[in-house]
Amino acid sequence: MSKIINVIGREIMDSRGNPTVEAEVHLEGGFNGMAAAPSGASTGSREALELRDGDKTRYMGKGVLKAVANINGPIRDALMGKDATNQAELDQIMIDLDGTENKDKLGANAILAVSLSAAKAAASFKGLPLYAHIAELNGTAGQYSMPVPMMNILNGGEHADNNVDIQEFMVQPVGAKTFREALQVGAEIFHNLKKVLQEKGLSTSVGDEGGFAPNLASNADALAMIKVAVEKAGYKLGEDVTLALDCAASEFYKDGQYDLTGEGKVFSANGFSDFLKSLTEQYPIASIEDGLDESDWDGWAYQTQIMGDKIQLVGDDLFVTNTKILKRGIDNNIANSILIKFNQIGSLTETLAAIRMAKDAGYTVVISHRSGETEDSTIADLAVATSAGQIKTGSLCRSDRVAKYNQLLRIEEQLGEKAPYRGRSEIKGKA
């Protein structure tokens with residue numbers, strides 16, 4: 001009854017108005033699953049390949065009909081009759097069929113959409129919520145926790161059309177007792193930040209991930225605005241709420257230096273790490289993501305040395321959810337946390353392997369969306385299933401972001417005390 005009888009691919013739209021891939025997997029007995037692949041704006045060079053058509057006369061080259069054809073052709077043929085509950089086998093069949101290091105033949109977007117659809121179909125067959133099925137696949141059945149949200153309320157960099165260099169300024173409601181309470185805290189800060197910006201005559205337009213995107217004099221100004229918003233909302237910064245940054249430093253790394261054009265400053269690798277450290281001394285910043293370029297391993301070693309015992313240093317472009325690269329980081333004491341993005345590696349099985357490797361090494365784990373999202377909320381289930389501890393899925397507006405928060409509310413309601421919200425204890429470095 002769990003045999004695959006059909007696999008369907010189609011082109012749909014993501015939250016930025018670009019095409020992306022959606023897949024369906026159908027099983028005997030009428031069970032099925034459907035999932036969509038997200039897409040990033042600031043991407044690591046070692047990510048698995050997102051296959052685009054390149055036809056400039058259609059969606060400016062961003063169509064995904066080639067990836068869809070791969071689903072409806074070779075992938076479908078290879079998976080017909082296979083057992084959907086054997087996720088590792090399905091993913092390996094697709095990986096072998098592709099035969100490349102970065103999935104550039106079939107496309108990571110095609111493979112991922114089918115991988116996640118198969119997991120949903122298998123969960124349906126087993127009569128389980130998706131998080132419970134993923135937990136079984138991960139060997140963590142019944143070991144649930146609700147993630148601390150990393151809420152991107154102010155955008156810069158590649159996620160916004162403004163002069164702010166750092167890509168994301170986020171709040172984490174670490175003092176909340178439940179996920180529902182944490183969501184309320186974040187929403188109230190978000191709405192108060194809007195008022196603060198309006199009072200200063202600044203733009204309240206939003207970026208790709210729903211955060212505000214005003215022009216500000218400096219990155220420190222962004223932190224100051226958020227501090228005011230937190231206080232206006234009635235919360236204590238550093239106690240109820242901590243701050244987090246995603247520098248996406250690869251985006252402003254040029255010729256061995258870090259060029260913050262918005263501030264008119266240029267830093268060496270160590271100089272930029274010192275600059276970030278100075279910000280952590282002025283504000284209660286508990287987490288910094290991609291604080292250096294993905295290839296600047298010497299710089300990362302210094303950054304980890306000076307901040308790794310106090311601050312969560314998250315590798316996104318650095319590790320790209322890849323166990324081979326993560327192992328190098330672990331072996332060399334680089335960073336102390338990993339950002340997990342399904343589409344950086346291209347299958348559920350490989351994603352779970354990266355999460356387990358990180359946790360086994362004492363690294364913290366942050367499950368993440370991409371800037372180009374859909375209504376698909378699989379990452380919410382993944383975060384709970386693996387007890388990841390943290391989730392990064394945007395601001396408190398745009399339904400593509402809120403869909404994940406709403407799914408987490410439903411899961412918390414279902415699990416109750418079986419899925420505790422641990423708050424501050426989830427955000428700690430390895431040391």
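From the backbone N, Cα and C atoms, a Cβ is placed for every residue, glycine too.
Under the three-state DSSP scheme, E209 (active site, proton donor) falls in the coil class. Residues or ranges marked as active site, proton donor by Swiss-Prot on the basis of sequence analysis: E209.
What Swiss-Prot records for K341 is active site, proton acceptor. Remark: K341 (active site, proton acceptor) has P38, G40, D316, V320, T321, S368, H369, R370 as non-local neighbours, by Cβ distance under 8 Å and separation of at least 6 in sequence. For the recorded site, K341 (active site, proton acceptor), the DSSP three-state label reads coil.
A simple way to gauge crowding: the CB of K392 ((2R)-2-phosphoglycerate binding site) has 30 other CB atoms within 10 angstroms, across all the protein chains here. Look at Swiss-Prot and you will find Q167, K341, R370, S371, K392 tagged as (2R)-2-phosphoglycerate binding site.
If you look up Swiss-Prot, you'll see D246, E289, D316 marked as Mg(2+) binding site. Taking the Cβ of E289 (Mg(2+) binding site) as centre and 10 Å as the limit, one finds 29 other Cβ atoms among all the protein chains shown. Classification of E289 (Mg(2+) binding site) by DSSP places it within a strand.
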Rounded inter-Cα distance in Å - Q167 ((2R)-2-phosphoglycerate binding site), E289 (Mg(2+) binding site): 10
Number of other Cβ atoms within 10 Å of the Cβ of Q167 ((2R)-2-phosphoglycerate binding site) across all protein chains: 28
Between E209 (active site, proton donor) and S371 ((2R)-2-phosphoglycerate binding site): CA-CA distance (Å): 6
C-beta crowding around S371 ((2R)-2-phosphoglycerate binding site), within 10 angstroms: 24
Helix, strand or coil at D316 (Mg(2+) binding site) [DSSP, three-state]: coil
